[in-house]
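Peer 1: I have a structure I would like to understand better, so I am pasting it below and will then ask my questions one at a time.
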């Protein structure tokens, strides 16, 4: 039996195929040429008839099955919009992918805020930052800014972060520190500045940091000239054992490789300036010099050399102090700040009166060189505490008047008590708490006893170290019997947990009597 198939299909990409040997072929509907919105044929606009014609009996079931399969194959092969739809999906997919990439980039520019051991951290490392952002939370306690692009630290950069305990600035491009860059960071204990381009700094940068315990300065190109002298002196104070370890001179060549903690100050600044170093020239390059001592003060040579600068409305220590005076009276002036090495020329000085000024800051090296000083009067000023190391050069001090100062009884006052305990021969008066209110009127040494009695549980005290509870008079008598706990702790031990080595450290506790 002769079977014949008629396929009638018309599309834009195929030639018309029409079999018209049958009288009823013209009765089939013609294909539509309507275009879709994309300019392509839609499957609904195509005519795909499959006609099975036979002059004899109806085809068998196998032939019907074959016809159905051919029909399915034709429909799957003719889908001109599927490729376009895929192109549209790819295009929209690329757009969505672009949006996701932008979201990731925006996220990387934001910092990560989290809490560890009940302390709030802000992790801004590896963010390509060039400065501090205004929208950062102000109540953070640890700020991590390592591996960014910061070049300059301006005055008051961190002043709004009052609770900051640690500040990580390592591996930036810092080359300049303005004098008040760390102003307001009274709670800061850890400052990381290693791996930068800092050439010079001074003790002035550290004055706003009374609680600083850890300072890292290594891998900076330090210029060991006179500009660095005050910082070198500060780092070499024995109590500052964790400040500036491993930092080395890069210039001049004669001092290259010398550690700032060990280099002799006389080599850093011999005769006031290094060989070959010229002082700044030109207008505005030098600060206004202090008044000359001969123009405002009177010198008495009998019975002992004395310099009388009392009530001269001075705001700074006069320059060109005589080297042979043994007594200096600077009382009743308006001096607010004692800067490093201001008395270094008066090496024979035995009595220094600075009472009734407005002193509120004393640099660590303010009394440097006063090895023979015996009496120091700082009464009636605005002192809250003594910075660590400020009394280290006063080997022969015998009397100190500290009355009428608003002493603040917190952690900062401990250095003064520690020094007095280890110098029982020094008679002192006027060391009374003014703040906080709960300790107002207390003797400072009694406050320290209370502080030690309420140490955290994780700082266990050794047996026999409790205070006897007996009162001590203001002259310091009996302070030589006090017992101290000296702890040999690695420098990493006091860093915030994310900044230190997670491996456990061992240390020994030694009791000295």
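Cβ coordinates are placed from backbone N, Cα and C, and glycine is handled just like the others.
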Peer 1: With TrEMBL as the source, identify the stretch among 16-37, 38-59, 60-81, 82-103 annotated region 'Disordered'.
Peer 2: 82-103
Peer 1: If I go by TrEMBL, the feature region 'Disordered' sits on one of 247-268, 269-290, 291-312. Which?
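Peer 2: In TrEMBL, the region 'Disordered' feature sits at 269-290.
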Peer 1: Treating G and I as helix alongside H, and B as strand alongside E, what does DSSP give for the domain 'LRRCT' (405-456) in helix, strand and coil?
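Peer 2: Residue counts in helix, strand and coil order: 24 helix, 10 strand, 18 coil.
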